[in-house]
4 protein chains.
Amino acid sequence: MANSKYEYVKSFEQPDLLLPNTWIVIRIDGRGFHKFSDKYAFKKPNDRRALDLMNAAAERVLIELPDVVVAYGISDEYSFVLHRSCTLFERRSSKLVTTIVSMFSAYYVHLWPSFFPYSPLTFPLPGFDGRAVQYPTVQNLRDYMSWRQVDCHINNLYNTTFWTLIQQGGMDAKAAEAELAGTLAADKNEILFSRFGMNYNNEPDIYKKGSIVFRDYELVEATTSSPALNEEALTAPEIALSKTQAEKERKARQKAKVVVQHVDFIKDDFWEQRPWILSNRPGKIKREP
Amino acid sequence: MANSKYEYVKSFEQPDLLLPNTWIVIRIDGRGFHKFSDKYAFKKPNDRRALDLMNAAAERVLIELPDVVVAYGISDEYSFVLHRSCTLFERRSSKLVTTIVSMFSAYYVHLWPSFFPYSPLTFPLPGFDGRAVQYPTVQNLRDYMSWRQVDCHINNLYNTTFWTLIQQGGMDAKAAEAELAGTLAADKNEILFSRFGMNYNNEPDIYKKGSIVFRDYELVEATTSSPALNEEALTAPEIALSKTQAEKERKARQKAKVVVQHVDFIKDDFWEQRPWILSNRPGKIKREP
Amino acid sequence: MANSKYEYVKSFEQPDLLLPNTWIVIRIDGRGFHKFSDKYAFKKPNDRRALDLMNAAAERVLIELPDVVVAYGISDEYSFVLHRSCTLFERRSSKLVTTIVSMFSAYYVHLWPSFFPYSPLTFPLPGFDGRAVQYPTVQNLRDYMSWRQVDCHINNLYNTTFWTLIQQGGMDAKAAEAELAGTLAADKNEILFSRFGMNYNNEPDIYKKGSIVFRDYELVEATTSSPALNEEALTAPEIALSKTQAEKERKARQKAKVVVQHVDFIKDDFWEQRPWILSNRPGKIKREP
Amino acid sequence: MANSKYEYVKSFEQPDLLLPNTWIVIRIDGRGFHKFSDKYAFKKPNDRRALDLMNAAAERVLIELPDVVVAYGISDEYSFVLHRSCTLFERRSSKLVTTIVSMFSAYYVHLWPSFFPYSPLTFPLPGFDGRAVQYPTVQNLRDYMSWRQVDCHINNLYNTTFWTLIQQGGMDAKAAEAELAGTLAADKNEILFSRFGMNYNNEPDIYKKGSIVFRDYELVEATTSSPALNEEALTAPEIALSKTQAEKERKARQKAKVVVQHVDFIKDDFWEQRPWILSNRPGKIKREP
């Protein structure tokens, strides 16, 4: 029974290669997480266990996929950045996106009991969707990252004030929403401080700044000509590596420790001190203290 | 802190809408399942528990996504078919593919202990990748399905003979491979029968025919003008439904029982007796016996 | 001086193959033809010379590209239909579109003096843009064609009334526009008839119905089972031709006379009497009278 | 007669937006120019009239489309470069490609009699196809340009030697081909010099270097920090212009003289002295001598 009669159907598969030499951001979002967070009684405005679970799943993605140079998560979303030189799966979009979504979903479900030991998962299970976006320059990529971190700040300040008005101020959701309509950041800070004695700046960084995941090496002192700001250094063809060299560096990256931090990366400092993130070339292994 | 400075990065998202009025096949494949099946000592040539787990995960996809009209699985792959009239997620390719891959991966990992109670999963976890393919006609779609079922047959006959030569014939892999080089189906049947007294026809259907998953209704008697073969009936604009009607039918489909069968669907009979699969219009609910 | 150092740039070319087994419509539109028609003082509401020039250019496209089965033109737009079985240029979208746009533009400019002998072209020259759209079924394709012919009717009735109000009624554009705001087809017919003694039905068919271009063979008597309405007959794999047979038919098509007609093709008759258009199989050569 | 019944067909149009912030190269190629050049007896290895006609058509493209910053032509191909900041037609790929192909084809046919006054065009007319390719960095773009100019050199040296062997050496094509098989550049130079007393370096630059078309301003003295090599300067968001400013600069570009030159642009000098090409910001208008 030969299969040749039907094999023509393979010709309907259409290529979906991403453009070479662009930064690839794979962004995933929880499906129906509003309902899901109610079902498992997530704490408001932030549930530390839920964020830690997201971060644990993201860490696994970086550990298993050395092509991911950095990831950033807030709430039920995570953005994974593949280096512009990445050739994994020939840069096939659906293969890249589904691999990361599958991995993240599997770890989220598998690790759930470690973070929610008293709330076993029931059907329907949580899930994530994802998409790939390409950014041609370091500037575009950093602006994407900054966009997400500013969003984290805006949302968290709003949510913190909203839930404080409800939980400590005794308002219902409608009243709290009305109270906040049209307020600026300073107004919200003031509400928290004057009415509830709460200094927003003292809130945990994981809520205010989100979570950035990367391979950690020894910090580098920032200089004016640091590569984090230098498109050319990052795109010059001379740094194209031989296959052997690339494979060697890939393995070096696999040895680096993957860490989760909650810091500002809108300013240049973060990138200048960690040039290995955007260059994708291994840094100096940290000496243990 | 307004976010407008960075929001331009949203304009880099590119649309990926699938063409209207085409059949969408979402095909997923296990990532590195050769190694994975060794790690958990899957039985060769077929591990019934592993197939049952795949089928259980696929059933959940049909239960949670009424837009999936039928699915077919063999080995570590599964194909999910969305009806040509499907408008889920505006037919965005990456959203459709990642939703199904995420769901399948989550259930695979979550249900694993039910099927492999003595082999807890360790890192790295199993995962799947996926892609979407569009088919313009019923004939193309059925040819795709037939292609997969013929592949199931070819692979299973080969693998059954190969592993029988090893397990019962005492050959090593290399010798078994050499023995089978250039053989036709009849030759393999003969090897099994004359050397090992094994009639391939008596092998379980789940191995020989794979697993087809669909919503079950009362069978319809096939007639010469049956809609399964009639492109026109399935594409005529008159059957376009009002939103209310479409929603109603969507709910009706959610009530139907999802079943897994191991039957031939290359011939017309399967489709003629189950016109609801390709028409996507609910059939008559089966009376309990 | 070897070129290998730079050849990597070829890898940035991305494939743009259209889906197999879909009808391809290449639609072209005049660029800035409002201004262009003023510059050369086209007659309003219709300039017969300009339409004849469009049709002459379209005829050349059908003569030089046997894969185009039918074309339809109104005003400064033309739609060219490639058969669902077309494999020209491996169905590369940009190659198909640019070839037709280039050919049409070249003939439009080259043939201009034959139709506008007293108005030589000056810079900037006229031009066209184009795009490809795919339709999975005969019904979708015929609905596209009907959409354009209904548009022709709606626009021509409006323009005829608008310009009659100006040219014979002495109105200015603003007044004519106001007069027609909110009117139905019957109202416009009535304005033409009662105020200007003009029966819209007697207007030339080229203005009312546009121009359809196709290869002409002996008409076939329409029957109830005629293939024009039968998706299956047109998509059945049995009619897939051998390469030799396909090449033979391609040459037969090149011998058929290409004609321009101004007839209704919204009803079934047109397609039933000319089954060769949608089947793309040569009909019976017309006997000369 | 409302058109709403058919308007659903518009939903089959699929977006084809090019990625923001990438360099767009629209490359066009003559269709069947081997046969075409025989039909009109083009001189071998180069026909100056044919190249001048190509250049004249390309000049018109730059004059009519200020978004094109530079173009390069050899033989029957031309590459048009749109600046990375270009937003013409919302960066719709097919609209950009067809507009340029249409314009080029129209001018080629229209200007033909000025360059070939004794060879009127007959059917079939010449035509061009085209495609768009995106390049994320200045380096990638310059490598594309260099690739084409190296190709020009390689092809022209080969063709010059090949045709000299035939025209002056009395060989037939087969013998000339055999003679050149495996030869390096130095060998071909030597054949030309020792057998035919011909110094390849003295051949006209238009044949050796091709034709580059751009807007001309006063040359700038190159410095080490010149922007031609500086990705950052060219991509920094600070240089994003207001709409008014952008429109003003667009008009300034339209006033600049478009020139055709035959010079090396593989080295940095060309770009450093003409920073306006890659910055797309008008230079200083040249004083007439």
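Every residue, even glycine, has its Cβ placed from backbone N, Cα and C.
These figures come from a predicted structure and were not determined experimentally.
Listed by TrEMBL as binding Mg(2+) 1 are C:Asp29, C:Gly30; the candidate from C:Asp76, C:Asp143, C:Asp151 that the record includes in that site is C:Asp76.
Shown in sequence order, C:Phe36, C:Ser75, C:Asp76, C:Glu77, C:Pro126, C:Gly127, C:Phe128 are the residues of the chain, 6+ apart in sequence, with a C-beta less than 8 angstroms from the C-beta of C:Gly30 (Mg(2+) 1 binding site). DSSP gives C:Asp29 (Mg(2+) 1 binding site) a strand state. Of all the binding-site residues listed (C:Asp29, C:Asp76), C:Asp29 has the fewest other CB atoms within 10 A of its CB. Other residues of the chain with a Cβ within 8 Å of the Cβ centroid of C:Asp29, C:Gly30, C:Asp76, the Mg(2+) 1 site, are C:Ile28, C:Arg31, C:Phe33, C:Ser75, C:Glu77, C:Phe128. With a 10 A radius on its CB, C:Ser75 (GTP binding site) counts 22 other CB atoms from all the protein chains. There are 19 other Cβ atoms within 10 Å of the Cβ belonging to C:Arg31 (GTP binding site). Mean pLDDT across the domain 'Thg1 C-terminal' (C:139-267) comes to 88 in this model. Mapped onto three states, the DSSP output places C:His34 (GTP binding site) in helix.
In the structure as shown, the Cβ atom of C:His34 (GTP binding site) sits within 10 Å of 10 other Cβ atoms. Within the set of binding-site residues (C:Gly32, C:Phe33), the lowest number of other Cβ atoms found within 10 Å of a Cβ is recorded at C:Gly32.
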